[in-house]
Amino acid sequence: MNNTEFYDRLGVSKNASADEIKKAYRKLSKKYHPDINKEPGAEDKYKEVQEAYETLSDDQKRAAYDQYGAAGANGGFGGAGGFGGFNGAGGFGGFEDIFSSFFGGGGSSRNPNAPRQGDDLQYRVNLTFEEAIFGTEKEVKYHREAGCRTCNGSGAKPGTSPVTCGRCHGAGVINVDTQTPLGMMRRQVTCDVCHGRGKEIKYPCTTCHGTGHEKQAHSVHVKIPAGVETGQQIRLAGQGEAGFNGGPYGDLYVVVSVEASDKFEREGTTIFYNLNLNFVQAALGDTVDIPTVHGDVELVIPEGTQTGKKFRLRSKGAPSLRGGAVGDQYVTVNVVTPTGLNDRQKVALKEFAAAGDLKVNPKKKGFFDHIKDAFDGE
């Protein structure tokens with residue numbers, strides 16, 4: 001067996017995170033579960049998935065598997081340099097794990113019957129620019145795995161109950177003897193009859209087919225606070241998918257996506273607005289109405305205003321998520337040069353130019369400009 005077979009069984013890469021491995025396991029475990037999938041070979045696939053997950057979900061076993069393959073994960077080899085000592089860095093996790101291997105004690109093995117929280121879900125909600133500024137409330141509708149309403153989550157047909165597994169006697173695990181360089185070692189593996197649940201379902205529920213879960217439509221109202229931005233998340237506890245073995249529901253994470261505005265741009269609590277002025281307004285000054293998310297504001301444009309000039313409108317920006325402070329809005333001027341002038345306008349501009357000195361001081365050449373001129377032959 002190569003050192004990637006377990007990863008291949010779960011359909012993940014060798015660099016997969018613990019969460020990616022868990023999600024892949026749950027998906028495949030549900031797909032090949034003997035109570036659901038009656039196709040030939042499904043049970044063997046289920047056992048292979050269980051074996052792979054048992055190793056890859058344990059950091060110590062996974063490290064040994066990555067280095068030595070299945071033999072290392074099963075305790076056949078120690079860490080680097082032989083047996084790696086008894087400090088937990090080698091193939092065994094110290095004296096406790098050694099005695100656990102011999103006598104089937106608790107050690108570091110997890111209890112397969114322990115309650116486990118359900119999977120978290122993610123939902124993207126779209127907001128207008130203004131909704132993100134002022135906050136809003138949205139109804140989120142989605143489907144999730146919930147407790148089966150027919151069997152109340154037991155997985156058993158109504159009127160029947162799961163019974164204690166006769167092979168593992170409710171433990172969910174069985175002891176398996178393995179030959180190693182140190183001799184015969186005992187380890188615990190998931191029960192191949194009840195698949196770690198400790199109970200057998202003789203008569204599966206016809207709705208959920210023994211899983212205890214069913215896909216259900218669900219909706220919840222979420223309050224979007226004022227000042228949110230794209231990518232920020234709102235956590236709704238207990239609104240994810242149903243847990244396992246009586247564990248709690250997972251959480252729902254509502255991810256915000258804010259639509260772009262055709263007027264404004266935003267960075268945090270600061271809002272930006274571009275103001276176009278004609279050259280007469282810029283030269284003589286004017287009073288103009290500036291749109292803000294809080295309503296129009298009068299802005300006095302002084303004489304001689306140039307392109308790039310910025311004006312600050314205090315407290316006309318977005319609120320802080322932390323409450324209290326409200327940002328500012330900055331107005332940036334762009335002086336627009338007129339095009340398509342008629343004859344009268346051209347004459348007027350020429351007279352205007354002749355009436356005074358319109359020369360603009362040329363930009364002073366810098367060091368690199370002189371070098372460029374030299375190469376250009378000037």
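Heads up, the Cβ atoms here are built off N, Cα and C, so glycines get one too.
Feature annotations, reproduced from Swiss-Prot:
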- 5-69: domain 'J' (DOMAIN)
- 135-217: zinc finger (ZN_FING)
- C148, C151, C205, C208: Zn(2+) 1 binding site (BINDING)
- 148-155: repeat 'CXXCXGXG motif' (REPEAT)
- C165, C168, C191, C194: Zn(2+) 2 binding site (BINDING)
- 165-172: repeat 'CXXCXGXG motif' (REPEAT)
- 191-198: repeat 'CXXCXGXG motif' (REPEAT)
- 205-212: repeat 'CXXCXGXG motif' (REPEAT)
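Residues 35, 161-162, 201, 204-208, 210-214, 216, 242 of the same chain lie 6 or more positions beyond the ends of the repeat 'CXXCXGXG motif' (148-155) yet place their CB under 8 Å from a CB of it. Mapped onto DSSP helix, strand and coil, the domain 'J' (5-69) counts 46 helix, 0 strand, 19 coil.
In this structure, the C-alpha atom of C168 (Zn(2+) 2 binding site) lies 23 angstrom from that of C205 (Zn(2+) 1 binding site). For C165 (Zn(2+) 2 binding site), the same-chain residues that are 6 or more apart in sequence and have a Cβ closer than 8 Å to its Cβ are G172, C191, V193, C194, R197, G198, K199, E200.
The Cβ of C208 (Zn(2+) 1 binding site) lies under 8 Å from the Cβ of C148, T150, C151, G155, E214, each of which sits 6+ residues away along the same chain. Counting every protein chain shown, 22 other Cβ atoms lie within 10 Å of the Cβ of C148 (Zn(2+) 1 binding site). Of all Cβ atoms in the protein chains displayed, 25 besides its own lie within 10 Å of the Cβ of C194 (Zn(2+) 2 binding site).
Taken together, the residues of the repeat 'CXXCXGXG motif' (148-155) have an average pLDDT of 92. For C205 (Zn(2+) 1 binding site), the same-chain residues that are 6 or more apart in sequence and have a Cβ closer than 8 Å to its Cβ are C148, T150, C151, S154, G155, A156, K157, P158, G212. The Cβ of C168 (Zn(2+) 2 binding site) has 24 other Cβ atoms within 10 Å, all protein chains considered. Surrounding the centroid of the Cβ atoms of C148, C151, C205, C208, where the record places Zn(2+) 1, the chain contributes additional residues within 8 Å, namely R149, T150, N152, G153, S154, G155, A156, P204, T206, T207, H209, G210, T211, G212, H213, E214. When DSSP labels each residue, the repeat 'CXXCXGXG motif' (148-155) comes out as 0 helix, 0 strand, 8 coil, counted as helix, strand and coil in that order.
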